[in-house]
């Protein structure tokens with residue numbers, strides 16, 4: 001449209017003479033006069049459209065005396081050039097729009113509509129007052145490169161207010177775009193990203209580690225990386241993690257992580273990998289001892305067959321969501337590879353893997369030391385009973401959806417307890433005090449104990465477990481969500497279900513010297529007095545790094561202060577839903593997450609102040 | 001040689017470039033810190049010079065830059081990420097692993 005309008009003035013190639021005259025600016029005066037006349041006409045046209053007969057004050061000031069004559073001419077010509085004038089006005093309109101890009105687009109194709117006429121007038125007048133700009137079709141010298149060019153409705157305005165030639169205009173637009181991008185990103189998104197990183201444990205105050213920076217850089221440019229070279233396996237694992245996190249672990253990138261000398265293949269997101277990729281994996285790294293494939297949803301029987309054929313040294317097998325593997329293949333896998341296997345971790349299996357598969361595993365894998373079975377939908381009681389027969393079991397982690405009778409679980413603990421280093425029982429809702437008693441009686445080398453999401457075991461059971469226990473102090477305790485939830489009884493039962501004050505005191509008395517990780521989230525019955533006694537500042541827990549007291553609603557600010565004092569090694573305190581905690585000042589090297597009334601962030605991070613100073617400041621705030 | 005700790009230490013790359021940096025910065029790296037600790041009695045702690053046969057000058061320069069960057073943003077809440085050329089990323093990665101930074 002504007003092209004056609006421009007055509008009113010630029011009619012094809014010009015004669016050499018016209019070109020020459022124009023090039024030498026011979027008709028400069030005439031050009032200017034004409035220009036001013038046209039501007040004026042356009043202004044009058046606007047007023048006419050508005051219904052106002054008189055020129056506005058802006059216009060009066062904007063048109064210098066030299067225009068007086070032009071005005072007469074304009075009046076004469078007005079009628080016969082009505083049509084042309086209209087298109088000129090539109091062109092002006094257009095060029096102005098192009099220049100003042102900050103103005104929102106509101107003008108219709110048919111020129112200024114009534115509602116924005118005032119606006120138009122204003123801008124128009126000031127524009128004209130500032131500097132007379134050439135019309136589309138005329139020549140102008142570019143403000144930046146000083147080259148001559150033809151003005152079009154699209155010509156951009158330079159930093160000084162002049163017009164720019166097309167190449168310079170493009171450059172400028174590009175720069176502006178980049179600036180906009182750079183300026184818009186920091187505020188919101190960067191801060192959220194930073195908090196997310198901290199919650200992930202990547203960033204911990206101050207600058208990121210050089211390793212982290214490099215890993216992020218490599219992951220960002222994963223498409224350009226040809227090979228990773230002789231990177232140490234630990235770094236390779238970290239890279240693999242971040243590749244999975246960014247969902248770029250595909251056929252091409254997988255190759256980067258396959259090296260014949262490697263002893264492990266670790267892919268935390270194998271969702272994109274297909275049969276061919278699995279073949280490649282087992283072909284290139286036949287000596288792998290450790291295989292971790294999460295989201296292995298495309299891993300089929302053929303892939304497993306090939307693995308059985310190629311990898312004879314596999315000791316550690318960890319598969320999540322490998323639902324295309326049939327029961328027969330599971331059995332075959334354990335029969336063929338069982339002699340070597342020491343670790344089996346399986347999660348999220350719901351299409352196959354039955355109780356008899358577990359039995360097969362127990363029979364074929366005498367060396368199994370570590371077993372984790374979580375969210376495998378088809379296994380239940382029989383599987384638990386079968387696991388009790390594993391002679392070398394040292395680490396056990398179970399989460400089973402189907403109900404498992406307490407006595408079966410108990411007999412497992414009784415039979416294997418003596419050798420267990422770690423025991424994790426999640427969501428065994430019906431497990432009662434007898435399990436805790438079995439742990440107390442049988443386990444004596446346990447270092448990690450998880451018993452969460454249970455609403456049957458009572459505080460007396462926990463107290464008994466942690467009192468006079470032969471087992472040395474635990475380093476990891478997770479007994480979160482051990483409580484009874486009943487909508488008809490929101491205050492909770494009279495007799496405490498789940499760990500309560502005496503149990504908590506007993507736990508910390510037993511394990512306080514070695515405990516590193518303590519999770520007592522949603523343990524509703526622990527009273528303020530118990531927290532105050534345990535974290536009293538005098539008693540210290542030298543190893544304790546990570547505490548989760550979320551939804552322990554008795555926790556208040558003084559408990560948090562006590563935690564800071566009593567735990568010199570504290571790195572992270574999680575306290576969602578502790579509504580009595582206010583105005584915490586966090587000491588150096590420590591992260592506090594989830595304080596509900598934190599003014600600026602969910603997560604608070606200690607900078608540059610020690611525990612004493614932090615506590616001092618808290619007292620000031622409180623006073 | 002000198003028994004007291006100097007303020008500056010020298011880091012030398014495999015191709016002979018040497019970088020004189022503040023001791024406090026260099027000790028951000030756990031590896032360098034141990035090298036320079038007189039308690040361990042390594043040669044490095046007596047000469048206050050660390051040679052890195054596995055790092056080129058370009059990499060070591062970036063590492064030094066990182067030390068200063070890290071110290072500058074030690075207590076900052078949101079530090080901007082340091083930038084470096086992509087082609088150095090993998091070598092830097094290995095260096096970072098080695099130096100424990």
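The backbone N, Cα and C atoms fix where each Cβ goes, and this holds for glycine too.
Heads up, TrEMBL stuff is auto-annotated, nobody curated it.
Given the structure is predicted, the values throughout are model-derived calculations rather than measurements.
Matching A:152-175, A:176-199, A:200-223 against TrEMBL, the residues noted as region 'Disordered' span A:176-199. For the domain 'DNA repair protein rhp7 treble clef' (A:136-174), residue counts in helix, strand and coil come to 9 helix, 8 strand, 22 coil, using DSSP. The predicted model assigns the domain 'DNA repair protein rhp7 treble clef' (A:136-174) a mean pLDDT of 81.
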